[in-house]
Amino acid sequence: MSLKIYNTLTGKKEDFAPIKPGEVKIYTCGVTVYDYNHVGHGRSLIVFDMIRRYLRYLGYNVIFVRNFTDVDDKIINRAKNECLPFSVISDKFIKEYFDDAEKFRIEPADIEPRVTTHIPDIINFIQKLVDAGYAYEADGDVYFSVRKFKEYGKLSKRSIDELLAGARIEPGEKKKDPLDFALWKSAKAGEPYWESPWGKGRPGWHTECCAMIFKHLGETIDIHGGGLDLTFPHHENEIAQAEALTGKPFARYWIHNGLVTVNGQKMSKSLGNYIKLKEIYSKYEPDILRLLVLSVHYRSPLDFSWDKMEETKKAYERLKNAIEEAEVLNKLPIDENFEGDLYNAIQKAQSGFYSAMSDDFNTPEALASLFGLVREMNILRDKAIKHGGISKKAIESYKEAAKTLHDIGRDIFGLFDSLQPCIKQEEVKVKEKEESINEDLIQVLIEAREKARKEKQFTIADLIRDKLAEKGIILEDAPFGTKWKKA
């Protein structure tokens, strides 16, 4: 089944075909590091982490770049208010970003460029636009001449006339046309600056990403992503610069995730509904937010509320319990007269999952397939308990179902990182009662139990102890380790 992706540029789903077979180059616009990350940032991070993981699952070598905007008006203003160098502010919030990303198991990008370490590349990029006649200097500022790029507006589906109606030249700006945008800003008193052919200054936001993409990924990439709010003007302006310079498509596929509201309202500090990621993981396991984000299609709006977090927590517990409950069945007597297994349900769930994911990363439908498997697992478990026994085939099928849930959740959705998929046979399997148990195996099981206890997997630890007791081996926990003796 081929992967289909909704392309913002064309407004339709398209078969995914990377430029180089087997390789995918992705760039997503990162955060401007002037404040703590909020739930909107979290959604974008989780969405593109999921996309990256699924592409990798499909066998692609994914080269993923996400930048940091570490010099900007907001950073400079905060630095002034706190009487600190701008770099102290940006360094602080880059560290906060990495802390949040680690908590939510966002895989680090392969390359994470910072604007301030790419100033020569940005200046060189701007100079090429000036030389090509698409940009002009005006008293130390450099602007892009929008009307010279005839396809301007093709991403956001806006015409020049529409844009002109709301455009104006701000006091102090020296651009020739209200539509033109800044590539280089001349230095102001008390602000950071770099030397350039046009004098002291700093780069404009829209040109930074272009220069970093050209440096690290080339002139045409496979996927460019970001939040829906970046479609215009940021991504529109990126296309104009890059394609004016090369005459080639800048990105084959443009992917934008929907925005986040809070209780139906736009998130803002003035409304008091600005939800930081720190606040979320102080109250919930990070997996809960990941699951909430994935329960809504990435292109749809996501309305965040604490009530929805509670609902999602309950759904997460259903998944988690299904994965962990293999030991319940292990405690039942073996009865080969028990009928039923989960192999067909596993196949159906896998097929449904990958079909949904290959249809523009339809995570709600993919999750529905997983919860369908959970339902079948619960039915089998309840039937076996009522029956008072279970066949070996049924137990193994349950373990396989638990492993399927765990591995898909971990590898593609970034869930269950510390969860045991099921009881590993090599950790808990003991010989039949009539056979003796050797000391090497006892020691292996003691070590496995100790590991489970350290990871707070107490159910598994207790099961190992009980299984050894069935063999006549009694464990005695002491401050300096666990000892054993025969009953």
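Here the Cβ of each residue, glycine as well, is placed from N, Cα and C on the backbone.
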Range annotated motif ''KMSKS' region' in Swiss-Prot (choices 116-120, 266-270, 311-315, 396-400) is 266-270
As Swiss-Prot has it, motif ''HIGH' region' corresponds, among 31-41, 86-96, 372-382, to residues 31-41
Within 8 Å of the Cβ centroid of CYS29, CYS209, HIS234, GLU238, the other same-chain residues by Cβ around the recorded Zn(2+) site are TRP205, HIS206, GLU208, CYS210, HIS224, GLY226, LEU230, HIS235, ASN237
Here the Cα-Cα span from GLU238 (Zn(2+) binding site) to LYS269 (ATP binding site), rounded to a whole number of angstrom, reaches 29
Per the Cβ under 8 Å criterion, with at least 6 residues separating them from its ends, the motif ''HIGH' region' (31-41) contacts 68-70, 72, 74-75, 77-78, 89-90, 92-94, 96-97, 100, 227, 259-260, 262, 267, 274-278, 280, 289, 304
CYS29 (Zn(2+) binding site) falls, by three-state DSSP, under coil
Between the binding-site residues HIS234, LYS269, the one whose Cβ has the fewest other Cβ atoms within 10 Å is LYS269
According to DSSP, LYS269 (ATP binding site) sits in coil
